[in-house]
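*Asks:* Grabbed the feature section from TrEMBL, which reads as follows:
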type: DOMAIN; residues: 295-369; note: domain 'Death'
type: REPEAT; residues: 22-54; note: repeat 'ANK'
type: REPEAT; residues: 55-87; note: repeat 'ANK'
type: REPEAT; residues: 88-120; note: repeat 'ANK'
type: REPEAT; residues: 121-153; note: repeat 'ANK'
type: REPEAT; residues: 153-185; note: repeat 'ANK'
type: REPEAT; residues: 186-218; note: repeat 'ANK'
Amino acid sequence: MPVLAFIMEDLEDVALDHADKLGRTAFHRAAEHGQLDALDFLVGSGCDHSVKDKDGNTALHLAASQGHMDVLQRLVDIGLDLEEQNTEGLTALHAAAEGIHADCVVFLLSAGSNVNALTQKGLSCFHYAARSGSEDMSRALVKAGGRTDVADKGTTPMHLAVKHNFPGLVQLLIEAHSDLDAMDIRQQTPLHLAAEHAWQDVAEMLLIAGADLSLRDKQGKTALAVAARSNHISLVDMIIKADRFYRWEKDHLSCRDDSDLSRKNLTFKQDHRQETQQLRSVLWRLASRYLRPNEWKKLAYSWQFTEAHVCAIEQQWTGTRSYQEHGHRMLLIWLHGVATAGKNPSKALFEDLMAIGRRDLAESTRKMANGEPTAPRRCTVM
């Protein structure tokens, strides 16, 4: 620090706490740029530790925002106020979180910073962590007792994690018991946002965690309706599967497997399992070749698909043969349900085709599902 020493010793008219146009002194600048030696020299020379710049930032804010851990530690040691707020209401902890400096966040929490302090806009440190997707910061905030449901105009950290598609953070917030059904300013839940943006991984996490599928946004739309409106076919089918699963589970509480409380084996995504490949092939042939235009709906209603389910399926694909695609999707959704319920899908399909008056189709479908040869087609000369 020979230059600083020269200035202080030989230029008597230099003010130690002189501020620049931003209101920052040499002490601010040393903290901002991580110059620990300069900071120590200024402290030893008697500078003002608590001075603020024009935005209300102390040296602690500036060091935290830039991630200068050694400077931050020194400033805490000399007694700077951890809870001092700038003009926007940010504490040093907010500044560290906004700058995505997880190590500084952990240090400030250990030093006693208020984990639930709010800015003037009602933002918590969790909001900043969720914006960046930092799992390390979020984990530290949870461990320190941070509230996960503080809302900024209705927007919770969960909304932000879903909106920006951070699956790891969404899972962390779920495990921290965040409110899955909180509504933002548009009355959208996190699931509405996942449906709007077609984030399948995030949506499945929310569905498995038990997000309420009946909630409506300001336009009166459920998450299913939002997904259907946006033509997110896979997500529409996932939500219908989830809705049917929870309706079934509610009616069969005694059938629930208590050994799978985490529902680790539950999925609502498209089925690609080898063991269902033959039956899925049969369902495709059934839908594309044999079912008549309105018969898929007859089956759907007999299988307790709701009007909303059917409408959501019909919203994608149009034209005279669109019923084939609609029927195929409905059959795959149904297959998920019967598999989850532990039923024999071939037997159930046979019985329900009989119920809608398609005895011939029921028998041929049973044979196809069992790998038996069906009657050969006759070649007709026109």
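Including glycine, each Cβ sits where the backbone N, Cα and C put it.
Quick one: where do these features end up spatially?
*Replies:* Remote same-chain partners of the repeat 'ANK' (22-54), defined as residues 6 or more beyond its termini with a Cβ less than 8 Å from a stretch Cβ, comprise 1, 4-5, 8, 16, 60, 62-63, 66, 68, 70-71, 74-75, 78-81, 84, 86.
Across the repeat 'ANK' (55-87), the prediction's mean pLDDT works out to 98.
Here the repeat 'ANK' (121-153) has long-range neighbours at 88-89, 93-94, 97-98, 100, 102, 105-106, 109, 115, 160-161, 164, 166, 168-169, 172-173, 176-179, 182, 184-185, meaning same-chain residues at least 6 beyond its ends whose C-beta is under 8 angstroms from one of its own.
Counting residues per DSSP class in helix, strand and coil order gives 18 helix, 0 strand, 15 coil for the repeat 'ANK' (186-218).
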*Asks:* Give me the DSSP three-state residue breakdown of the repeat 'ANK' (121-153), ordered helix, strand, coil.
*Replies:* 17 helix, 1 strand, 15 coil
*Asks:* Under an 8 Å Cβ to Cβ limit, what residues of the same chain, 6 or more beyond the ends of the repeat 'ANK' (55-87), are close to it?
*Replies:* 22-24, 27-28, 30-36, 39-40, 43, 49, 93, 95-96, 98-99, 101, 103-104, 107-108, 111-114, 117, 119-120
*Asks:* Six or more residues out from either end of the repeat 'ANK' (88-120), which same-chain residues have a Cβ under 8 Å from its Cβ atoms?
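*Replies:* Tertiary neighbours of the repeat 'ANK' (88-120) are 55-58, 60-67, 69, 72-73, 76, 82, 128-129, 132, 134, 136-137, 140-141, 144-147, 150.
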